[in-house]
Amino acid sequence: MAKDDNLPLFETKSAKGRILFQIYSLLIFVGTCFIFAYRLSHIPAKGEPGRWAWMGLFFSELWFCFYWFLTTVVRWNPIYRNTFKDRLSHRYEQALPGIDIFVCTADPVIEPPVMVINTVLSVMAYDYPAEKLSVYLSDDGGSDLTFYAMLEASRFSKIWLPFCKKFKVEPRSPEAYFRTAVEPLGETVLAKEWSTVKVNLSLSFSPHRLQNSIHCWME
């Protein structure tokens, strides 16, 4: 643990190819200086035709050169920072703050309950101490469909959350995961649990099951 405490939480790397870009930018700058020198040394005299057009063109070039300079400065030395989340957890796990996450919805037509529930399950599966993470769903529309979808999500979470933690699932939204993931046929244990979770997902959030839940409650 003491060794981990001394490791940096992130590293900074410069982008590749920046030297070539800097040389290219310097060449453009030198060429632009030659153009400006030519413009200043060949300004038409007073009374000659095209004097104002020449000066207007020169000021336009100045403006575009200023714009080019600003964009080049921004891209002159780009850097990227990579964080090490595992080191953060090892160093500050006991001091991590409690987090409250609110997921808001209002209209089950515009915001389908399945989409909302996938968001909730994704947040619940965060790699964060469970006792310090609270997730709330605020439904301003008071939809029965959203309410019963949340009940089904609470049951499905007992399968989904351990699955995410055990196999380091990414992304943690069930719909997004099963839309992009390929069935792991080579690993027996993972393939078995993968199929079980996928079947439970399709059964839990099928429109027919949600409608049945609502009818049973109303009766």
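A Cβ is built for glycine as well, from the same backbone N, Cα and C atoms used for every other residue.
Feature list (source: TrEMBL):
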type     : residues       : note
BINDING  : GLU111, ASP140 : UDP-alpha-D-glucose binding site
TRANSMEM : 20-40          : transmembrane segment
TRANSMEM : 52-70          : transmembrane segment
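By a simple count of nearby Cβ atoms, those within 10 Å, the most crowded of the binding-site residues GLU111, ASP140 is GLU111. Sequence-remote contacts of a segment are chain residues at least 6 beyond its ends whose Cβ falls under 8 Å from one of its Cβ atoms, and for the transmembrane segment (52-70) they are 28, 32, 35-36, 39-40, 42-44.
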